[in-house]
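Chemist: Feature list, courtesy of TrEMBL:
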ACT_SITE  77  active site, proton acceptor
BINDING   26, 27, 28, 73, 98, 114, 228, 256  shikimate binding site
BINDING   137, 138, 139, 140, 141, 160, 161, 162, 163, 164, 165, 226, 249  NADP(+) binding site
DOMAIN    18-100  domain 'Shikimate dehydrogenase substrate binding N-terminal'
DOMAIN    131-227  domain 'Quinate/shikimate 5-dehydrogenase/glutamyl-tRNA reductase'
DOMAIN    249-276  domain 'SDH C-terminal'
Ligand SMILES: NC(=O)c1ccc[n+]([C@@H]2O[C@H](COP(=O)([O-])OP(=O)(O)OC[C@H]3O[C@@H](n4cnc5c(N)ncnc54)[C@H](OP(=O)(O)O)[C@@H]3O)[C@@H](O)[C@H]2O)c1
């Protein structure tokens, strides 16, 4: 990998960061500072470990200190939704905010970039969000991805271990179907896209024995996993066995970051193999 140029941080540097608790696992500082170096932008992006009880105080402090905004990760996405003065369409649909944009007049704009990041990662691989999608999971990531796929015209259904959570999601996103958790494998033939939005398959995740079966998949099924560590999750390994087209989760992570970078630092950054390799090397 090419060595990066030295970062420039002068007294006029543009500032942003990521609020989380904990935040040390976040790859956002790695990727934003990669882009800052690569585009020779006078700026810095820092991790901001903030306890939930101090979230509002921290956001007001960042505004007062001249930050341009911040990404927000667990457990603050709902608090970020609440503190925003203006919510864009993506945030309202996701019911959460992962990007705060501080405006010159003191107002805060809240955006959710996860769902559009997922769709952008599909499109970057030449995959069109068309047809019928089945999502495993009904948590925060499922809602963002389901909303974005619906907004691109897909028919979307979710299946979740805890049925009530799937039903609640269907209330929030009109038109969303619900498939019983015990039946999704048999019903797979009806779908063009399968997305794992649970933490199943994640390194150190909840069930090391998770071994989904894709034997009922249609030949054209695209199989995506938003988990990105490991690169080859159990779901993607099974998809490869069936010679199905696959999509890993790192692309979503990289694409969802572009909007914030553009707004804070004034440059539309590229997602390319060098960036992927750089971020992958940090795992
Ligand atoms: N690639 C990216 O950029 C990106 C972005 C956001 C999130 N993610 C990843 O997406 C995953 C989910 O994140 P989230 O924020 O949506 O979390 P969340 O709101 O806590 O939802 C977790 C989901 O996983 C399911 N789950 C957990 N353990 C399970 C088990 N043992 N068996 C079956 N289902 C189980 C939950 O089902 P129940 O409702 O039954 O508990 C729920 O649907 C995480 O791995 C996260 O790292 C990736």
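Even glycines carry a Cβ here, placed using N, Cα and C.
On this model, are these features tucked inside or out on the surface, and what's nearby?
Modeler: Cβ neighbour count for residue 77 (active site, proton acceptor): 22 (other Cβ atoms within 10 Å of its Cβ, all protein chains included).
In the three-state DSSP reading, residue 27 (shikimate binding site) counts as coil. Around the Cβ of residue 27 (shikimate binding site), the number of neighbouring Cβ atoms within 10 Å comes to 20.
Classification of residue 139 (NADP(+) binding site) by DSSP places it in coil, neither helical nor stranded.
Note: the domain 'Shikimate dehydrogenase substrate binding N-terminal' (18-100) comprises 37 helix, 19 strand, 27 coil (DSSP; helix = H, G, I, strand = E, B).
Counting residues 6+ beyond its ends, the domain 'SDH C-terminal' (249-276) has Cβ neighbours under 8 Å at 1-2, 14, 16, 27-28, 31-32, 34-36, 38-39, 41, 43, 68-69, 71, 98-99, 101, 111, 113-114, 116-118, 120-121, 124-125, 224-228, 231, 233 in the same chain.
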Chemist: If one measures from the C-alpha of residue 256 (shikimate binding site) to the C-alpha of residue 249 (NADP(+) binding site), what distance in angstrom results, rounded to a whole number?
Modeler: 11
Chemist: Please spell out the DSSP helix, strand and coil residue counts for the domain 'SDH C-terminal' (249-276).
Modeler: 19 helix, 0 strand, 9 coil
Chemist: Anything within 10 Å of residue 26 (shikimate binding site)? Look among the recorded positions 77, 137, 141, 163, 165, 249, comparing CA atoms, and list what you find.
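Modeler: Cα filter at 10 Å returns nothing.
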Chemist: Find the shortest Cα-Cα separation between residue 249 (NADP(+) binding site) and the recorded positions 28, 73, 77, 114, and name the residue that gives it.
Modeler: 114
Chemist: Quick one: pull the CA-CA distance for residue 165 (NADP(+) binding site) versus residue 228 (shikimate binding site), whole Å only.
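Modeler: That comes out at 24 Å between the alpha carbons.
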